[in-house]
Amino acid sequence: MSAAPGLLHQELSCPLCLQLFDAPVTAECGHSFCRACLSRVAGEPAADGTVNCPCCQAPTRPQALSTNLQLARLVEGLAQVPQGHCEEHLDPLSIYCEQDRVLVCGVCASLGSHRGHRLLPAAEAHSRLKTQLPQQKLQLQEASMRKEKSVAVLEHQLTEVEETVRQFRGAVGEQLGKMRVFLAALEGSLDREAERVRSEAGVALRRELGGLHSYLEQLRQMEKVLEEVADKPQTEFLMKYCLVTSRLQKILAESPPPARLDIQLPIISDDFKFQVWRKMFRALMPALEELTFDPSSAHPSLVVSPTGRRVECSEQKAPPAGDDARQFDKAVAVVAQQLLSDGEHYWEVEVGDKPRWALGVMASEASRRGRLHAVPSQGLWLLGLRDGKTLEAHVEAKEPRALRTPERRPTRLGLYLSFGDGVLAFYDASDADALELLFAFRERLPGPVYPFFDVCWHDKGKNAQPLLLVGPDGQEA
């Protein structure tokens, strides 16, 4: 117990304020603090209702904190000792023990537990240790700066999480909202179709039913007549019989055919579900971009309409290209005036029965002069048609990748670009109600891009058909 007096003051001091405990409480982890100090440092409880211990960061429940009466009594007893005196010997604390880093009295230093330790007079220790304060203060400031940076990073991350969740919820709400609108419209359309079929079938069947009731009534009447004729005398019987049988044969000959009604309603099958999904997929696409061709970029052989939504290759000899770096001088191509740099975009191009073309995007920094090398590493992501038969994806290879031949040649192409997801997808948009995926590049684009259109040479009129940009109203130029 001889070691206790020198350290008792430290043991009964709050690790936060470094003063003797005032209303001490003990956390669930075992560390003790002044109640006021813990409340000030721990701050507001987390979502689970706990606060972190300032010493070990272990969670503790504020409601589990209660005054540590044993500590409080020890502090009360220690407070009776005159300040600056040994708790055990009541002598002045005049010597500093460097080994244990505590003030001790002469008895503790010469006879007690600090005998043989590195000892200094209190005055000398005061002067020496005071010179260390600036360095310790600097270390404290550096530690504070590091933690403040950590706090700033965490607060920024928290803000990013909140913003990401907000955007996610917004996107989910928007997409599901579109789905609900689409499905509600589809349900209404199918319900109206079912009601139309029910109404028309009801009218037709009631008409047939009325005819059958009338015919059955005639048969019943003839049955009564036959019963009446059977009881007639010979001469009258024979005269009536001929008339009755003649009438009966006529009625039987006029017998209406069995009622047949072909009810045409969609069958709720897997194919029906797939078709609904295809239609809904199109409905979820972003709104059509309002693109226009950039005349300043067009090859000299190309003619751009005044509306900027139609371009074709002229069969007349064109003048040579100028020195404008924005203009294509070899490729019979043109880009849109609109630069795309982020978000989602969707546009459609009417290609009709044009046998040769290429569509996609071009990096804003890619060169438009000379022969173009249509691969992603050169800033071009393209899908094209060759010889009116073969669809080709211009991937990173010596030759374009030939795709499977579609059942029908697309007459309208839909292009979907998502910078966030790193997707450039090409769809057959010929069907006004559905999209069919033809090919997709799945890589993040290095920067802004322009929608790109390779019209290709007119080939003596064989490839003279124009390319048409579809406007937001769904109509070509």
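Cβ atoms here come from the backbone N, Cα and C positions, even for glycine.
The structure displayed is predicted, hence computed values, not measured ones.
Swiss-Prot tags one of the stretches 81-122, 165-206, 207-248, 333-374 as zinc finger, and that stretch is 81-122.
From the options 14-57, 410-453, the stretch Swiss-Prot describes as zinc finger is 14-57. With every protein chain in view, the residue among the binding-site residues Cys56, Cys105 whose Cβ has the most Cβ partners within 10 Å turns out to be Cys105.
With a 10 A radius on its CB, His117 (Zn(2+) 4 binding site) counts 15 other CB atoms from all the protein chains. When the recorded positions Cys29, His31, Cys53, Ser255 are screened for a C-alpha within 10 angstroms of the C-alpha of His114 (Zn(2+) 4 binding site), no residue qualifies. According to its DSSP assignment, Cys29 (Zn(2+) 2 binding site) is coil. The residues near the Zn(2+) 1 site, meaning same-chain residues not in Cys14, Cys17, Cys34, Cys37 whose C-beta sits within 8 angstroms of the mean position of the site's C-beta atoms, are Pro15, Leu16, Leu18, Gln19, Phe21, Asp22, Phe33, Ala36, Leu38, in sequence order. Between Cys108 (Zn(2+) 3 binding site) and His117 (Zn(2+) 4 binding site), the C-alpha separation comes to 11 Å. Sequence-distant neighbours of Cys37 (Zn(2+) 1 binding site): residues of the same chain at least 6 apart with a C-beta under 8 Å from its C-beta are Cys14, Leu16, Cys17.
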